[in-house]
Amino acid sequence: MGYRTLLRDHRGLLGIAFLAMFSSSLGQSFFIGLFQAPISTHLGFSAGQFGTAYAAVTLVSGFAVLYLGPSIDWVAPRRFALLVLATLLAGILLLTAAPWWGLGLLGLGLVRFGGQGMMSHLGNTLAGREFVNLRGRALGLVGMGIMLGETALPPLMAALLMWFGWRELWWLFVTFLALFWFPLLLLGP
């Protein structure tokens, strides 16, 4: 079976996994790095303090994925996706609106955990679990979601920063993703 047939026969599941991988961009270092200066200012951190805090929340997030990641084995994928999206949304809300650096840092941790951690875990697990004979091809297609995010988002965000503030841009991106996620979660496989 070629890629074309795989896409034709399994576009719903591959679409969800691809979107999960693309959505993980919100928690990836390349995306957060675009906003390092305004986030540091918002939290009242120097560049060095932000780097230290970022390393700490990344470590905590990684261990949280080890602890909570296996729940995808017994939680329905749709419910799992909703929980991860809710975590990501809570993180973005705290990161962009927190009046205190501690809450902002918690938000950054939730963005790392929900985005880079659990979204990519969801995409890889769906593709790896559902496609036994075509696992390599499915994972290759799904992995294109991260590549698309890494390629398209930095220049797009840099251009949009000329018209929007960093907070508005995060919320604009969340709204854009919601337009894709909600129909998939309501009508998807």
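The first residue you see is number 1, and the count goes up from there.
Including glycine, each Cβ sits where the backbone N, Cα and C put it.
Straight from TrEMBL, the features:
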DOMAIN    13-189  domain 'Major facilitator superfamily (MFS) profile'
TRANSMEM  12-35  transmembrane segment
TRANSMEM  47-68  transmembrane segment
TRANSMEM  80-101  transmembrane segment
TRANSMEM  139-163  transmembrane segment
TRANSMEM  169-187  transmembrane segment
Seminar exercise, completed: The answer for the transmembrane segment (80-101), taking Cβ pairs under 8 Å and residues 6+ beyond its ends, is 16, 20, 23, 26-27, 39, 42-45, 71-72, 107-115, 118-119, 122, 166-167, 170-171, 174, 181, 185
For this session: Would you kindly list the residues that approach the transmembrane segment (47-68) from elsewhere in its chain, counting only those six or more residues past its ends and only Cβ-Cβ distances under 8 Å?
Result: 27, 32, 36, 39-40, 105, 108-109, 112-113, 116-118, 121
For this session: Please give the sequence-distant neighbours of the transmembrane segment (12-35): residues at least 6 beyond its ends with Cβ less than 8 Å from one of its Cβ atoms.
Result: 6, 54, 61, 77, 81, 84-85, 88, 91-92, 108, 111-117, 119-120, 122-124, 126-127, 130, 138, 141-146, 148-150, 153-154, 157-158, 161, 166, 169-170, 173-174, 177, 180-181, 184, 188-189
